[in-house]
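Pulled from Swiss-Prot, these are the features on record:
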- C35: heme c binding site (BINDING)
- H86, H187: heme b 2 binding site (BINDING)
- H100, H202: heme b 1 binding site (BINDING)
- 32-52: transmembrane segment (TRANSMEM)
- 90-110: transmembrane segment (TRANSMEM)
- 116-136: transmembrane segment (TRANSMEM)
- 186-206: transmembrane segment (TRANSMEM)
Amino acid sequence: MSKVYDWFEERLEIQAIAEDVSSKYVPPHVNIFYCLGGITLTCFLIQFATGFAMTFYYKPTVAEAYSSVQFIMNQVNFGWLIRSIHRWSASMMVLMMILHVFRVYLTGGFKRPRELTWVTGVVMAVITVTFGVTGYSLPWDQVGYWAVKIVSGVPEAIPVVGSAMVELLRGGQSVGQATLTRFYSLHTFVLPWLIAVFMLLHFLMIRKQGISGPL
């Protein structure tokens with residue numbers, strides 16, 4: 001076993017990385033409220049795992065979306081549990097994200113030199129809300145359908161480009177299969193990659209600059 005470890009140690013310098021992580025200074029004023037960002041990340045990882053599991057059974061078509069969700073809930077082993085965890089962790093992620101934003105703002109964590117850390121955090125907050133909007137539509141029940149219709153119609157109030165934005169979101173003049181396909185693509189591919197990039201930037205900057213001091 002030691003030979004295997006030595007082989008990886010020689011190439012990856014695992015010990016140096018471990019020492020760097022374990023020796024990072026943590027300010028004495030840090031309390032439980034500074035864990036809200038980590039809890040948000042944990043919720044996202046749960047979302048990723050449970051969402052990935054459901055993609056094996058979910059069918060993103062207007063004819064089969066609702067029935068596939070019912071199949072997950074009633075026929076798939078522990079499907080009801082996986083979807084319930086996905087649903088409740090989504091709500092928890094939004095709540096923890098809001099509390100995290102408030103904590104950072106109230107403790108001045110957005111001030112120089114951490115402006116870019118704050119910006120990436122705000123971008124991730126917007127992405128998180130977008131996750132909720134797109135995911136809400138995927139069961140394609142009455143609530144999901146009308147939610148999509150209302151949300152996708154909001155940009156129409158924007159001068160000049162409003163109508164074009166609505167058509168882009170819906171994939172046509174009305175809500176239908178193209179709309180569901182777009183929302184499914186956003187929810188399962190575009191947004192996860194996007195938030196992963198901003199998370200990496202966010203964590204690298206926190207790692208570089210450290211936790212902000214007390215007010």
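Just so it is clear, glycine is given a Cβ too, placed from its N, Cα and C backbone atoms.
Source: prediction; values computed, not measured.
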With a 10 Å radius around each C-beta, find which of these binding-site residues (C35, H86, H100) has the fewest other C-beta atoms nearby. C35
Assigned conformation of H187 (heme b 2 binding site) - DSSP reduced to three states: helix
What binding-site residues among C35, H86, H187 are found with a C-alpha within 10 angstroms of that of H100 (heme b 1 binding site)? C35
Whether the transmembrane segment (186-206) meets the transmembrane segment (32-52): three or more C-beta pairs under 8 angstroms: yes
Sequence-distant residues near the transmembrane segment (116-136) by C-beta distance (under 8 Å, 6 or more away from its ends) are 47, 90, 93-94, 97-98, 100-101, 104, 109-110, 143-144, 147, 151, 183-184, 186-187, 191, 194-195, 198-199, 201-202, 205-206, 209
Spatial neighbour of H202 (heme b 1 binding site) that is closest, considering only the binding-site residues C35, H86, H187 and their CA atoms: C35
